[in-house]
Amino acid sequence: MATLFHLIDVHGNEYQNVQDHSLQMALEELNQQIEVIQRQEEQLALRKKAIEDARQEVLQQIQHRKFRQYLHEREQEARLQEYYLEQLQERRAFENVVRTIIRKRFEDEERERAHRREKAARKLLRRILVSDSPNMQLVVPNNFQQMFIHHPVVDTIYSPEESSESQAEVADQQTGPYSTSEYAGAQQSQPFRIFIQNDNAPEQQSGPDVAELNTLPNRSKTSSQASVSDEELSRTELAELNDYLLAAQRRSNKRGNARKHIDLTARESPSTSFAQMSKGALNPDPEVIEPEDEPTTFRNPLEALLSTGQYSVVSSDEDVESVRDPDDGTLPIHSTQTVEEPIDTKAGEKLTDSSKQPSPPVAEHFSNETFSASPKGAETDVKSEGSNNHEQGSFNEPKSNVDSNDSASPKRPSSQASLRHNVTVEEVPDEDA
C-alpha cells in the first residue's frame, strides 16, 4: 500500500509518511526564525558600530578641548615666568646700583673717619708731648705691648737677642723719680716707645700715618738718625700694625672707657703727671683731655715756685730742713715756715755772709736728693717775714717723715692761710772779691 500513496509537498518533495512531512515543516520554520535573528543581529551590529563611532568622536573632541586648555595654561605660565624674570632682573640691577652707591659712600665715610682719627691722634699726641723735637719719644707703660703681642710683627720686634742690650740701655736711661724701687720693674722688659711724625712736613711725605715703632730706644738720637733704616718696619708692616692697633683699641673700647676695663700693670698706678700722661696715651680720645690754658714749654720749677710769691731766696750758711712742696711732689724745696729765730740774728747773718748765687736751673728729670748743688756748699734758704708771730708756731715737719712719706705729699696746715709771704730776693755784694 505504500506504493500506492505518494506524499508530495508544494515544492515537489516526496515523503513516505506523514511524520516526515511534519518534521520537514518544523525545520523550515526554524530556518526562517534563524534568518530573522541573523537579520536583526546585522541591524544591531550596524547600530552598535554607529554608536561606537559617535562615542569615539565625542571622546576625541573632549581630548582636543583639554589639550587646547593645557596649551593655553602653559602659554600663560611661560608669559608669567618671563614677566617675573624681567622684574627680578630689573630689581637686581637696581639693587646692584644702590649697593654700589652705598659701598662707595661707606668707603668715603670710613676714609674720612680714618683721616679724622689720624688728625685727632696727631693733635692729641702734639698736645701731650712737651717738646716739638721731631724724634721725641713718648714712653707708655711697661706692658703695653701685651695688648697686641700675638701679632707677627711684634715677634720680630721683641726678639730675645735684643732684650739684654735694651735692658742695659734702659738701666742707664732710668733717672730721677723713676729710678726708685717702685719703678724697678720697668727694667725687666723693653719699654714700648712711639716716634711721632713731624707735623711741619707736608702730608705727601712718605712715612706712617699715625706712629712708627723703633726697636732700640735711644734718647740721644739726632734728626738725621731718625730716618727709616733697614732695622725698622716697612710700610706694609706699619699699615698692618696700625690696623691691628685700631682694632685692638676698638675692641677694648666697646663697653666704654678703656681705662676702666684694662689692667695695664700689676703695681699701683703712680700719681705723677708723667705717668698720667702715659696713661692718657692708651686711650687717644680728644674729648677726655681738655686743652691746656698754659703753653706746653718747659718751665723751671724753681722759677715757677718763686713766681707764686710765697717763697723768697736768700743766702745763708744755716742748715734748714727741707719740706717737699705739696703742689709739686717731684721738687724738694724748702718751706716758708722755718724754725723760729730772732730777727736780729738773721739780719746779722745776712750782713756777715758772703753773696751766694742761686742754684742752677733744674733738668727735666729730678733726683730724690736734696737741692744742695750751689757753689761753696751753700743752700737756698727760704725765709718768712711772719716768723715773729710766736702764737702761730712752726709747721716744719721732721726730715725722716718727709722721706718716709715721699709718695704722698703732706697736707698744708689750715692756719697757713693767715700768713702773708712776700718775695725778698736779696743779693749782698761779694766782699771777698
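Cβ atoms here come from the backbone N, Cα and C positions, even for glycine.
Small disclaimer: the values here were computed from a predicted structure and weren't measured.
In Swiss-Prot, the feature phosphoserine is attached to one residue out of S223, S227, S400, namely S227. Checked against Swiss-Prot, the residues S163, S372, S415 yield a single entry marked phosphoserine: S415.
Candidates S179, S234, S418 were compared with Swiss-Prot; the annotation phosphoserine appears at S418. When S159, S269 are compared in Swiss-Prot, the phosphoserine annotation sits on S269. Per Swiss-Prot, the phosphoserine annotation among the candidates S131, S206, S229, S312 falls on S229.
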